[in-house]
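Engineer: Structure incoming, see below.
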Amino acid sequence: MNFLRGVMGGQSAGPQHTEAETIQKLCDRVASSTLLDDRRNAVRALKSLSKKYRLEVGIQAMEHLIHVLQTDRSDSEIIAYALDTLYNIISNDEEEEVEENSTRQSEDLGSQFTEIFIKQPENVTLLLSLLEEFDFHVRWPGVRLLTSLLKQLGPPVQQIILVSPMGVSKLMDLLADSREIIRNDGVLLLQALTRSNGAIQKIVAFENAFERLLDIITEEGNSDGGIVVEDCLILLQNLLKNNNSNQNFFKEGSYIQRMKAWFEVGDENPGWSAQKVTNLHLMLQLVRVLVSPTNPPGATSSCQKAMFQCGLLQQLCTILMATGIPADILTETINTVSEVIRGCQVNQDYFASVNAPSNPPRPAIVVLLMSMVNERQPFVLRCAVLYCFQCFLYKNEKGQGEIVATLLPSTIDATGNSVSAGQLLCGGLFSTDSLSNWCAAVALAHALQGNATQKEQLLRVQLATSIGNPPVSLLQQCTNILSQGSKIQTRVGLLMLLCTWLSNCPIAVTHFLHNSANVPFLTGQIAENLGEEEQLVQGLCALLLGISIYFNDNSLENYTKEKLKQLIEKRIGKENYIEKLGFISKHELYSRASQKPQPNFPSPEYMIFDHEFTKLVKELEGVITKAIYKSSEEDKKEEEVKKTLEQHDNIVTHYKNMIREQDLQLEELKQQVSTLKCQNEQLQTAVTQQASQIQQHKDQYNLLKVQLGKDNHHQGSHSDGAQVNGIQPEEISRLREEIEELRSHQVLLQSQLAEKDTVIENLRSSQVSGMSEQALATCSPRDAEQVAELKQELSALKSQLCSQSLEITRLQTENSELQQRAETLAKSVPVEGESELVTAAKTTDVEGRLSALLQETKELKNEIKALSEERTAIQKQLDSSNSTIAILQTEKDKLYLEVTDSKKEQDDLLVLLADQDQKILSLKSKLKDLGHPVEEEDESGDQEDDDDELDDGDRDQDI
Amino acid sequence: MAYAYLFKYIIIGDTGVGKSCLLLQFTDKRFQPVHDLTMGVEFGARMITIDGKQIKLQIWDTAGQESFRSITRSYYRGAAGALLVYDITRRDTFNHLTTWLEDARQHSNSNMVIMLIGNKSDLESRREVKKEEGEAFAREHGLIFMETSAKTASNVEEAFINTAKEIYEKIQEGVFDINNEANGIKIGPQHAATNASHGGNQGGQQAGGGCC
Ligand SMILES: Nc1nc2c(ncn2[C@@H]2O[C@H](COP(=O)(O)OP(=O)(O)O)[C@@H](O)[C@H]2O)c(=O)[nH]1
Ligand SMILES: [Mg+2]
């Protein structure tokens with residue numbers, strides 16, 4: 001703290017002794033009092049002194065105040081006082097009472113106290129934890145204090161917050177606070193927190209800052225909202241500017257779509273408050289951040305596309321064409337539209353189709369160009385229009401063609417009803433206003449940029465100067481004006497146009513040289529010893545002359561490369577010429593213009609260089625210098641070498657092509673072989689599959705056959721009656737027979753019985769008559785014997801009868817039982833009883849089934865046959881494809897041989913070439929010895945490849 | 001473009017294991033053999049489809065170095081899924097998994113789905129960590145596991161999509177509070193979008209949608 005003592009000691013008018021004492025006493029009370037009330041009163045008193053005696057309170061009380069924050073957290077009031085006091089000490093914001101001249105010193109105070117406070121990083125962490133307190137009296141002063149610390153010493157405080165766990169995330173919660181003051185001050189805190197710190201910006205974005213901020217802006221009424229909207233927009237800008245990751249996240253989160261509503265400013269708006277203008281300005285800048293030409297190309301183009309798809313561009317164009325828009329908003333809108341369309345064909349096409357709501361409708365481009373060449377329009381607006389026009393033409397061949405076409409004789413509207421872009425540009429080019437001249441010249445140059453077709457087309461343009469005189473070509477008119485010696489901007493503009501026009505266009509060079517006044521004019525300008533003012537024009541003249549040499553196709557005998565170079569040597573001197581050429585890139589405004597495409601000049605005098613032109617200078621300065629230094633002999637030799645080189649090149653190219661073709665063929669054949677192999681494999685698997693299917697079918701068939709056999713057997717027995725549940729029909733019939741037998745047996749027995757009965761009857765009657773005839777008890781023993789015999793016989797017969805009838809009954813029940821069973825069976829099988837009819841029905845049924853089965857078998861057989869046929873066919877196919885493969889193989893082998901041959905041939909040629917190369921090399925070195933630098937010629941091709949890859953990459957990213 | 005859900009992911013793991021390459025392979029379908037060292041955190045996004053629903057994945061690729069650890073930690077809380085990556089050709093990157101996992105578990109919400117990834121599976125000849133070891137680690141710590149190659153793109157889609165499926169299932173089960181954006185999940189805007197916007201504009205514009 002020694003340095004602070006120094007500050008304090010240096011103060012002549014220090015506080016009265018008593019104040020310092022009071023502060024000391026208060027600090028002692030804060031430090032030592034055991035009563036909370038007492039401590040709280042002391043801190044309150046310190047707070048009231050802290051504005052007036054900032055230095056003293058700061059030095060003496062800071063550590064006590066920090067201690068209070070650590071220990072008295074339970075009392076929000078004392079915490080609030082302590083935070084407020086610290087805020088007063090650290091912040092420079094509320095300084096009205098202090099005299100002006102001490103402001104500087106107080107600023108130092110703020111940062112020095114901040115340094116002391118953050119020396120203990122825990123102090124910042126402590127503050128962060130206080131911010132988690134919901135109590136308004138703690139949170140709000142806490143937010144303000146932390147904001148102040150961040151404003152004083154951003155980077156170290158940011159670092160402490162970054163490494164404290166979830167530090168940044170906790171601060172994001174402030175945006176969700178329902179108390180507006182805290183939310184709004186939270187926005188300010190986040191502004192300070194995110195300033196120039198990419199890591200924090202990303203975390204804040206990750207914590208859904210975009211969503212929150214866009215919600216707040218919407219809630220507050222977009223551009224009609226108050227300063228909160230402005231603060232949110234500034235925070236959004238902090239998060240997005242130069243932060244590609246966040247820009248990508250913003251785009252991916254579909255937040256671009258939400259920006260569209262910002263620009264829905266109806267015509268019936270209730271005027272433009274200063275706040276609204278500020279808000280809209282920031283909104284437009286935010287759009288530009290996303291499509292800035294300095295962003296990675298892929299990033300910008302995907303945002304541009306999104307802006308068209310969601311209608312944002314269309315909305316911006318509406319503002320562009322609306323009335324009553326404040327000039328600076330209009331200017332910024334033009335700049336924004338410029339960057340939204342720059343290099344993006346879809347957006348450029350849309351822009352070309354926009355019409356102003358005038359009667360009759362005029363293209364927006366025309367309306368804008370009218371402003372550009374209008375002296376009365378604000379300078380920044382005119383620059384913005386030029387930028388817009390440049391962006392419209394950037395990488396837009398179609399647009400370039402359309403603009404140039406409006407100048408061509410065939411397309412000029414004869415009725416003169418509507419002004420065309422071309423007319424406006426010509427008007428601007430030759431008006432008396434030098435800024436118009438410059439803008440129109442640069443605009444026209446952009447219509448030719450990198451477009452050889454349009455450079456040639458523009459040569460056709462003829463101008464009617466005055467009645468009676470023949471028309472003059474546009475090119476001629478430019479040089480005429482140039483030679484008249486007008487304002488510097490006019491001449492610089494025209495020279496830049498001519499340089500652009502003639503570069504890479506030998507026909508234009510010829511046209512230019514055809515006018516015999518031009519070369520003397522240029523050499524005159526370059527040779528003269530003029531003041532600093534004219535140096536730039538001299539440089540540009542040198543460049544134009546250099547271009548006329550470098551892109552000269554020697555079609556004009558008086559102005560061949562050689563002759564022009566001799567002229568330089570004679571009239572100017574090589575060294576002098578090169579020095580003058582160097583004036584361009586050494587100009588103080590040159591590097592400024594080379595940085596950004598936007599023509600952004602602090603005032604009209606600075607309007608000298610065009611960004612695209614600086615690129616052209618960079619490209620040509622070196623090659624022209626080389627070309628000038630080359631002698632004519634060298635030129636000739638070079639020419640010869642070039643020719644031989646070309647010849648060799650041709651041979652090499654020829655073989656290269658041949659090899660390429662053969663390579664292609666080989667590739668094709670390889671592919672064919674591989675597809676055939678593939679097919680073959682497929683077929684083979686198909687064959688195996690089908691074979692196994694066939695096997696399956698065979699198995700099935702066999703199974704069926706076996707089953708069928710069985711079925712036939714069963715069905716045979718069926719015809720005799722129902723057969724189920726193990727009761728065999730044979731058995732039934734056997735039983736029936738038995739029954740029949742038994743019956744007949746019974747009948748026999750009965751008849752026997754009847755016989756015996758009659759015998760018995762006879763005997764009885766004879767006995768009775770015998771008794772009566774021959775006395776009662778005179779039974780002869782023979783008779784008795786006979787009787788007994790008979791009786792025995794009788795009883796035996798009776799028992800036999802009895803058993804037989806039992807037997808019969810049993811059989812009868814058995815029979816009936818069987819019949820019953822048969823009946824139930826018949827019920828389940830549609831067979832009733834055992835009548836013939838039923839049997840017949842059964843038979844037909846079975847027969848039907850049989851035939852069905854037979855049919856099935858037949859079908860199966862057919863199928864098998866078909867399958868086996870198919871198999872044979874497939875096998876045949878397989879064989880043929882195998883043979884094709886073999887043929888192809890041999891063909892391939894042949895080709896291989898051929899390729900090897902041609903390779904050998906090529907090798908031979910290469911050897912030959914190497915020889916030639918050796919020769920060339922020696923020629924080259926000879927050339928080098930002579931002082932000629934020799935160029936390599938293979939590079940351009942490689943570069944093109946690289947570009948392609950780059951484009952692909954872009955496309956990938958866009959998807 | 002309209003989506004049903006938005007999930008936030010982070011990719012963590014030692015430096016050089018191929019986190020940035022995995023992201024690039026997933027978002028751009030290409031492999032960049034020489035990749036810049038990630039400074040802090042980089043963002044990438046892609047749309048996927050699960051269960052017929054469009055799901056937008058927003059992915060933050062982090063720097064593995066210790067010096068960026070405190071920055072990386074800020075991303076755990078708001079992420080619904082994490083890909084924890086090691087390099088199968090470098091055992092030390094596997095050994096550090098425990099530290100990474102502790103860090104993640106400590107700072108993330110408890111429902112965060114973690115997918116363990118053994119990357120560079122194309123370098124079989126230089127393998128130092130067996131697939132079984134990765135599986136065992138995952139089983140032990142309740143993670144999903146996959147071996148991937150950012151170079152050949154093998155399993156890269158699956159790694160990102162399977163993580164999303166797991167999150168999606170958790171949502172269906174009601175485990176996640178989808179109304180709390182701090183969980184790294186957001187419901188798509190399509191419900192809101194039908195009422196809002198579509199003012200007096202040409203219809204075609206909104207439908208285009210290729211702005212993702
Ligand atoms: N062979 C192979 N190399 C890979 C793979 N993934 C990444 N690499 C290489 O590993 C290096 C580190 O990759 P990078 O993505 O930057 O790792 P990070 O630090 O985790 O982001 C790079 O050189 C990559 O080319 C892969 O799956 N296979
Ligand atoms: Mg990385």
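In case you wondered, yes, glycine gets a Cβ from its N, Cα and C as well.
Feature annotation from Swiss-Prot assigns region 'Globular head' to A:1-637. Residues or ranges marked as repeat 'ARM 1' by Swiss-Prot: A:20-60. The feature phosphoserine is assigned by Swiss-Prot to A:S50, A:S940. Feature annotation from Swiss-Prot assigns repeat 'ARM 2' to A:61-121. Annotated repeat 'ARM 3' per Swiss-Prot: A:123-163, in sequence order. The repeat 'ARM 4' annotation in Swiss-Prot covers A:166-207. What Swiss-Prot records for A:K202 is N6-acetyllysine. According to Swiss-Prot, the repeat 'ARM 5' annotation covers A:208-253. According to Swiss-Prot, the repeat 'ARM 6' annotation covers A:255-310. Positions annotated as repeat 'ARM 7' by Swiss-Prot: A:311-354. Here Swiss-Prot flags A:363-408 as repeat 'ARM 8'. Residues annotated as repeat 'ARM 9' in Swiss-Prot: A:420-459. The feature repeat 'ARM 10' is assigned by Swiss-Prot to A:473-513. Residues or ranges marked as repeat 'ARM 11' in Swiss-Prot: A:518-571. Residues or ranges marked as repeat 'ARM 12' by Swiss-Prot: A:573-630. The feature coiled coil is assigned by Swiss-Prot to A:638-930, with sequence analysis given as support. For A:925-959, the entry in Swiss-Prot reads region 'Disordered'. Residues or ranges marked as compositional bias 'Acidic residues' by Swiss-Prot: A:935-959.
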Engineer: Any residues 6+ beyond the ends of the repeat 'ARM 9' (A:420-459) with a Cβ under 8 Å from its own?
Structural biologist: 363, 365-366, 369-370, 372-375, 379, 382, 385-386, 389-390, 393-394, 397, 400-401, 403-408, 412-413, 473-475, 477-478, 481, 486-490, 492-494, 496-497, 500-501, 504-505, 507-508, 511, 599, 604, 607, 610, 612-613
Engineer: Report, in whole Å, the straight Cα-to-Cα distance of the residue listed as 'N6-acetyllysine' from A:S50 (phosphoserine).
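Structural biologist: About 37 Å separate the Cα atoms of these two residues.
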Engineer: In terms of Cβ proximity under 8 Å, which residues at least six beyond the ends of the repeat 'ARM 4' (A:166-207) contact it?
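Structural biologist: Sequence-remote neighbours of the repeat 'ARM 4' (A:166-207) are 125, 128, 131-132, 136, 139-140, 143-144, 146-147, 150-151, 154-155, 158, 160, 213, 216, 228, 231-232, 234-235, 238-239, 243, 245-246, 249-250.
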Engineer: By DSSP, how many residues in the repeat 'ARM 9' (A:420-459) are helix, how many strand, and how many coil?
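Structural biologist: In the repeat 'ARM 9' (A:420-459), the DSSP-based counts are 31 helix, 0 strand, 9 coil.
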Engineer: Long-range same-chain neighbours of A:K202 (N6-acetyllysine), Cβ under 8 Å, sequence gap at least 6?
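Structural biologist: Listed in sequence order: A:N243, A:S245, A:N246.
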Engineer: If you average per-residue pLDDT over the repeat 'ARM 3' (A:123-163), what number do you get?
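Structural biologist: The answer is 95, the mean pLDDT of the model over that range.
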Engineer: Determine which residues of the chain contact the repeat 'ARM 3' (A:123-163) at the Cβ level, with the cut-off under 8 Å and only residues 6 or more beyond its ends counted.
Structural biologist: 66, 69-70, 73, 76-77, 79-80, 83-84, 86-87, 90-93, 110-111, 114-115, 117, 170-171, 174, 177, 179, 181-182, 185-186, 188-189, 192-193, 195-197, 199-200
Engineer: Around A:S50 (phosphoserine), how many other CB atoms lie within 10 A of its CB?
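Structural biologist: The answer is 23 other Cβ atoms.
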Engineer: From the DSSP assignment alone, can you count helix, strand and coil residues within the repeat 'ARM 12' (A:573-630)?
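Structural biologist: Computed counts for the repeat 'ARM 12' (A:573-630) are 41 helix, 0 strand, 17 coil.
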Engineer: Which secondary structure state does DSSP assign to A:S50 (phosphoserine), in the simple three-class scheme?
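Structural biologist: Helix, per DSSP.
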Engineer: For the repeat 'ARM 4' (A:166-207), what does DSSP give as the number of helix, strand and coil residues?
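Structural biologist: In the repeat 'ARM 4' (A:166-207), the DSSP-based counts are 34 helix, 0 strand, 8 coil.
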